[in-house]
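Novice: Among the features that TrEMBL reports, compositional bias 'Polar residues' is placed at 92-104. Look at TrEMBL and you will find 199-309, 325-474, 582-727 tagged as domain 'Plastocyanin-like'. Residues or ranges marked as region 'Disordered' in TrEMBL: 92-129. Here TrEMBL flags 1-23 as signal peptide.
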Amino acid sequence: MGCSGRLYFLTLVLCVVTELAIGVRVVPKRKKEAISTADDQSTSASWWQAGTATPFRESSSSAFSSTHGLVQTHPSGSDPFASFGSIGSTSGPSSNPFASSGSGPLSGGVRNNPLPSLARNANGKPSLKHLDFTSSATAELRRNPALSAPDECARACRENEPPRICYYHFTLELYTVLGAACQVCTPNATNVVWSHCQCVLADGVERGILTANRMLPGPSIQVCENDKVVIDVENHMEGMEVTIHWHGIWQRGSQYYDGVPFVTQCPIQQGNTFRYQWQGNAGTHFWHAHTGLQKLDGLYGSIVVRQPPSKDPNSHLYDYDLTTHVMLLSDWLHEDAAERYPGRLAVNTGQDPENVLINGKGQFRDPNTGFMTNTPLEVFTITPGRRYRFRMINAFASVCPAQVTFEGHNLTVIATDGEPVHPVQVNTIISFSGERYDFVIEANNIPGAYWIQVRGLGECGIKRAQQLGILRYARGPYQPSSQPPTYDVGIPQGVILNPLDAICNVKRNDAVCVSNLKSARPVDKAILQERPDVKIFLPFRFHFYKPKDLFQENTYRNYLVAPGGDHVLSLVDEISYRAPPAPPLSQMHELSPDLFCNGDNRPANCAVDCRCTHMIDVPLNSIVEIVLVDEVQSPNLSHPFHLHGTPYNVIGIGRSPDKNIKKINLKHALDLDRKGLLHRQYNLPPFKDTLAVPNNGYVVLRLKADNPGYWLFHCHFIYHIVIGMNLILHIGTQGDLPPVPPNFPRCGDHLPTITPPYFPIH
Ligand SMILES: NCCC(=O)NCCc1ccc(O)c(O)c1
């Protein structure tokens with residue numbers, strides 16, 4: 001008897017028994033008790049709002065077992081540890097102490113949010129009595145018995161199990177934090193792949209947002225390696241087009257589903273549904289809108305592609321890899337991201353976020369009143385003695401690095417950007433937009449509750465943006481006994497991964513750089529040879545406009561008003577990327593070659609603010625070295641560069657060894673390279689797909705160009721993308737690419753010949 005879950009009410013008990021017998025722990029979720037009624041909630045609908053909220057000390061003690069009569073997220077006696085998809089590895093104790101907690105909880109289901117649409121009769125045909133659906137979100141699942149639902153795919157992965165086809169339907173909408181849905185229900189903290197509650201709390205401050213399936217973060221995609229992932233993206237955002245990028249997914253063979261507007265596809269029009277299909281490479285990844293600024297307004301979610309433990313070189317280091325122990329960090333504004341673009345001069349200047357969220361949750365302290373909202377914080381529950389894999393995703397969109405620290409617990413880093421590394425123990429992790437870090441936490445402290453602190457660094461230091469979460473031992477107290485850490489007095493740092501001031505080619509006992517990590521999977525020998533086939537130096541900087549040059553009659557140049565009021569344009573190798581009117585991947589033959597440019601091929605009329613479609617061609621299977629050189633030289637900014645389509649190896653990260661050089665530039669980096677002074681190390685350089693270039697420094701990256709395609713390579717800061725800090729790395733030729741699927745949507749300019757008027761008109 002398998003655990004397909006098609007007839008889950010019948011097979012549920014058998015599934016649990018089967019899974020326990022093979023040593024995979026499944027933790028039944030207890031039935032929720034004491035959920036308050038809609039009436040209770042409507043009377044206190046504003047309890048979490050700033051202004052009416054209680055100050056921090058009170059609110060922090062009431063965040064989980066509300067004193068406001070609203071909701072007891074974890075009512076006493078029930079087990080909040082319960083998660084619907086507990087995924088174990090081979091090692092460690094053979095059964096979870098909570099897995100055998102009586103028969104009562106099973107009535108709630110191992111899958112605590114069963115999709116009603118999945119009910120089928122014994123022939124596998126949809127059962128008629130459930131055919132009264134109205135939701136297109138589940139129609140496909142009913143129609144096609146080959147598809148698995150999100151909660152069926154979020155499972156422990158086994159070597160001999162056949163792959164599934166995992167189906168997701170994202171409905172994208174304009175939506176609201178603290179809308180009337182919050183009078184109906186409170187979001188379920190334990191199910192990350194599907195929510196039956198449409199209330200979005202965020203940090204308790206009302207605003208308009210964009211959502212997928214009225215969730216923040218959007219639905220989590222959790223599958224096993226070799227599964228096929230199908231996502232129907234239904235765009236109902238009025239007046240908006242969209243694409244979704246699957247950050248970290250290589251898209252080998254599905255290049256046209258990478259989700260980059262006007263590179264790999266035409267954006268999805270309002271009212272249209274676009275079906276993405278890909279097979280995921282293992283690791284912690286995420287999805288996000290790649291159009292405009294939509295990501296910052298809420299369009300993101302996690303992707304976890306798991307492997308059988310035998311395939312993960314670090315699986316012996318953890319007992320659990322839970323669906324709930326994904327930790328997605330995001331920055332949060334209290335207004336639309338577009339309010340900050342191109343940017344203002346007097347009120348709400350710059351692009352810095354008001355707040356930070358952990359899995360879409362958090363509280364906000366109003367800087368004017370000192371009052372704090374009272375929304376729930378994220379809680380990760382662990383059992384004494386066990387070791388847990390956490391999967392952290394930095395989904396920030398702004399320029400702020402994020403620093404994560406767990407009170408009383410070390411972090412053993414085992415993977416970054418989905419790729420395993422030799423384990424390294426640290427106390428705090430600094431990460432940049434687009435990066436992922438997986439680490440193991442051992443529940444080896446006194447059972448209790450401990451603070452998790454996520455601080456926004458860099459520009460976020462001005463507003464002191466931070467968020468708290470809680471690491472809680474099962475059956476222990478809900479509240480930490482210590483004072484909540486503040487921005488200025490945080491949890492002690494100890495050993496730091498990625499300190500902002502590191503000189504990574506100089507060893508330090510209290511710091512680890514990404515370039516010090518060692519890949520736990522083999523690196524192609526060709527990557528490690530002295531001379532790559534192609535070597536590309538890419539300096540990047542801002543062009544600063546004088547208003548009189550920018551605002552000339554009949555010109556409409558794009559720009560960003562940076563904090564401080566400078567009007568800037570991004571340049572990579574002296575070019576600002578502008579998207580073509582149609583994607584080269586599917587419509588190259590219709591695009592004028594004049595649109596494209598690169599450092600060796602600048603348009604004749606190009607000025608200091610040159611705009612064109614920056615594209616660099618490299619031969620298929622060549623070994624490519626890229627040296628990024630920070631010519632921005634703003635002490636607060638380190639730009640994280642993300643490459644689509646393929647990971648690169650981090651060969652070196654450094655700053656100039658020449659003390660007389662105050663500011664690095666292309667010329668100096670070339671000079672260092674000629675003298676053999678660019679830092680390069682060839683001992684198992686780690687794989688990454690997103691890496692920050694230290695300010696006033698450089699990075700040396702290498703990749704084997706074996707995935708043909710048009711791959712965007714760009715700074716991951718959202719406001720820098722829209723002012724051109726991008727280019728296309730074009731690998732191979734059109735003939736190397738798989739054919740585009742039939743009826744692939746098309747786009748482009750419509751410029752027919754102008755016809756003379758008819759006269760007379762009738
Ligand atoms: N002498 C260098 C001063 C400088 O580089 N100023 C730009 C700062 C900046 C630009 C864009 C941003 O998005 C941002 O946050 C900050």
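Count begins at 1; order follows the chain as displayed.
Just so you know, glycine gets a Cβ as well, placed from its N, Cα and C.
TrEMBL annotations: computationally assigned, not manually curated.
Could you place these features in context, so I can see how deep they sit and what lies close by?
Specialist: As a summary of secondary structure, the domain 'Plastocyanin-like' (582-727) carries 23 helix, 56 strand, 67 coil according to DSSP.
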Novice: Per DSSP, what is the residue count of the domain 'Plastocyanin-like' (325-474) in each of helix, strand and coil?
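Specialist: Its residues divide into 8 helix, 73 strand, 69 coil.
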Novice: Kindly state the mean pLDDT of the domain 'Plastocyanin-like' (199-309) in the predicted structure.
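Specialist: Within the domain 'Plastocyanin-like' (199-309), the model's average pLDDT equals 98.
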